[in-house]
């Protein structure tokens, strides 16, 4: 077992290697394989280019339709400001105005929005599969906490900490990983975080002290959190708004299935072999996913593709006039200033954007309640119904079934309702949140009171199915609203909401056992359902009524 000093050295070496790989990745500008997508230089010159004699005015000759809001729907088809007087048509590709950084010409092979559908689903599936594994690790320990505590001399509080510390890391990881993906691209961040997660998850399996296990779990969770920061951003990069329902359904379903399937697999591993195989088996799966992603996850971030195109044109022509709108905005800033602004963006969004605050509160409460259920469900069947570890784990199938139904109903419904609107806006998503309120909180009441009176297990599971179905149905429009609203900065916006979600997922299960002991399953779930109704009804109405005005006001603040 490595000592603390050796572990610190290992971390330092890995961080240094990661830094070198990122620098190499960003400095390598490969010649793109497309010819039609080019950079549209803006009329206004960046500070660093004002003295260039080769600079010329240029803009796009296309007349694109305009959508309201800071990101104009985020679909890469909105207009910017009209061209300046005397502007000459140059290279088309990036629209000007308030929404910089999108690839523009329709049907361009290298525009992620115009990728073949098969490639889009390949990227979505790779992202979802690696998310399944990373989130499964968050709950796989639950059935084996007693065994782990006995072997590593841990108290019940310490063993609960070993389980939930992973979720705490997923609160802080996206605050760093999300902005980095907006600077260096999604691809390199996904690969680096996958390797980081793999290293620390393997170390969890070799832990011989409680301190090593808890520390390794936290660091593994930090790497796993990339899936939360990258997911919404990647889907916004490759899917148009009217297509995001189905892709969101798959993306949100598979990782959530991981949270529900984790205890099932963990229960059988704990009963058949050592708990260490929980970490080793998931590490083997993660290694396979890393290998697959290296060959099947192309860079989907449009802003980075444009920056590479601009750099290539500058290099080939020797002219300084080719640059992207995002480069113009960052002109005159040092690399440190650009990175600092990016790293603070999630917190600025969370502190100063009411849209993010509302969505973080809604999704955070739902996520916390979901993890209360996941963390205590096995105890219900072992303690109240006297079932074995393996059988108690099988009841998590009810959680998976509810999430599966929610994604399969919610995704197509979102796309259908969005397409029916003549002028769809992000606020079109807000009212869809109501479809999940009734089944979610009626299901919570049914689960609580049927468990309180120890009714047949099937009735209890039906209540859980309804609860998870409603939560999945509510969460999908929230994610779609963020993607539609924040476009190029979706990863930072998702990081802001994930910060609150992960904190509630970490904190709520800590008081859940005491709450159930004091109130019983019936009254405890009634309190949570009442709080859910109070939160879930007025906040979507607020977004519906005030969302467009807030988006217009907040357009220049990120």
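Cβ coordinates are placed from backbone N, Cα and C, and glycine is handled just like the others.
Heads up, TrEMBL stuff is auto-annotated, nobody curated it.
Feature annotation from TrEMBL assigns region 'Disordered' to 45-110.
Summarising the annotation, TrEMBL assigns compositional bias 'Polar residues' to 48-60.
Per TrEMBL, the feature domain 'Major facilitator superfamily (MFS) profile' maps to 123-549. For the domain 'Major facilitator superfamily (MFS) profile' (123-549), the predicted model reports an average pLDDT of 87.
Feature annotation from TrEMBL assigns transmembrane segment to 160-177 (among others).
A Cβ distance under 8 Å defines the sequence-distant neighbours of the transmembrane segment (189-208), meaning residues of its chain 6+ beyond its ends; these are 1, 10, 14, 18, 21-22, 127, 130, 134, 137, 152, 177, 180-181, 216-217, 219-220, 222-226, 229-230, 276-280, 282-283, 286-287, 289-290, 293-294, 297. Under the heading transmembrane segment, TrEMBL lists 189-208 (among others).
According to TrEMBL, the transmembrane segment annotation covers 214-236 (among others).
Marked as transmembrane segment by TrEMBL: 248-271 (among others).
The annotation transmembrane segment is assigned in TrEMBL to 283-306 (among others).
What TrEMBL records for 350-374 (among others) is transmembrane segment.
For the transmembrane segment (430-449), same-chain residues at least 6 beyond its ends with a Cβ under 8 Å from one of its own Cβ atoms are 362, 366, 369, 373, 402, 406, 410, 413-414, 417, 459-460, 462-478, 481, 521-526, 528-529, 532-533, 536-537, 540-541, 543-544, 547. As annotated by TrEMBL, transmembrane segment applies to 430-449 (among others).
According to TrEMBL, the transmembrane segment annotation covers 455-473 (among others).
Residues or ranges marked as transmembrane segment by TrEMBL: 523-544 (among others). Beyond its flanks by at least six residues, the transmembrane segment (523-544) meets 355, 358-359, 361-362, 365-366, 369, 372, 427, 430-431, 433-434, 437, 440-442, 444-445, 447-449, 452, 474, 481, 515-516 of its own chain at Cβ-Cβ distances under 8 Å.
Counting residues 6+ beyond its ends, the transmembrane segment (455-473) has Cβ neighbours under 8 Å at 252-253, 256, 260, 366, 369-370, 373, 377, 380-381, 385, 395, 397-399, 401-403, 405-407, 409-410, 435-448 in the same chain. Below 8 angstroms of C-beta separation, residues 7, 11, 74, 123-124, 127, 130-131, 134-135, 137-138, 158, 161-163, 165-174, 177-178, 181-182, 186, 189-190, 193-198, 200-201, 203-204, 207, 244, 247-248, 251, 255, 300-301, 479, 482-484, 487, 490-491, 493-495, 498, 501-502 of the same chain, each at least six residues beyond the ends of the transmembrane segment (214-236), sit close to that stretch.
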